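Beneath this line is the structure, given in structure tokens, with notes to follow.
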Ligand code: PGA
């Protein structure tokens, strides 16, 4: 595990973007595992800026996203499909046919999860997986549980996650989808490189628990301690307890 200390959110975003940019430059046809949430927004903004300056070319990149709300159509502004287009895909030259997310409108969970695992297998696995971390240690939508999940599966979101995400749904918990399809912990661990971005005081405790405490499915991110190429980029506040 490598920990990179950033001064603040902008510095964290730039450092993370440098690592992703290096991946794209070293292997133009790489598979990027991408994440949603508030934390990676600045990282995507920086990548778009470098793309605009002619520094980056996404034409051969394939993307696979971590997760998607079950039941939300792509066109919904809070679907992760919309989020990724708004923050990255609409602004760079990635091939639309090379963009992959779980299909939230396929209500046949078993079929959709199997399809998505097959997509990840077909593209040859993930070269670099970008992650945020939830306040409870979740990665993707792998919530605390008594066992690590393996491949893509359907999860019931924890009340705290629904509460944390209501800010994207007019502050109304009733509008937040209650289930999601998520890549499993095994798939995340199989990524050749894992890059986590984290910022803010509110995440300091979970960062300490995840990376300096026992490896346990009660803290899903803790399994990353076992990953041979895991990089954590955090701002001063998020890393203040370690
Ligand atoms: P956040 O979400 O970046 O919006 O804090 C992180 C996560 O839940 O993975």
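Glycine is no exception: its Cβ is also placed from the backbone N, Cα and C atoms.
The DSSP secondary structure for residue 67 (active site, proton acceptor) is strand. TrEMBL lists 67 (among others) with the feature active site, proton acceptor.
If you look up TrEMBL, you'll see 136 (among others) marked as active site, for ring-opening step. There are 17 other Cβ atoms within 10 Å of the Cβ belonging to residue 136 (active site, for ring-opening step).
Mapped onto three states, the DSSP output places residue 138 (active site, proton acceptor) in coil. There are 25 other Cβ atoms within 10 Å of the Cβ belonging to residue 138 (active site, proton acceptor). Feature annotation from TrEMBL assigns active site, proton acceptor to 138 (among others).
DSSP gives residue 143 (active site, for ring-opening step) a coil state; it is part of no helix or strand. For residue 143 (active site, for ring-opening step), the Cβ neighbour count at a 10 Å cut-off comes to 21, with all displayed protein chains included. The active site, for ring-opening step feature in TrEMBL is assigned to 143 (among others).
Taken from TrEMBL, the feature domain 'Glucosamine/galactosamine-6-phosphate isomerase' applies to 16-225.
When the alpha carbons of residue 136 (active site, for ring-opening step) and residue 67 (active site, proton acceptor) are compared, the span between them is 17 angstrom.
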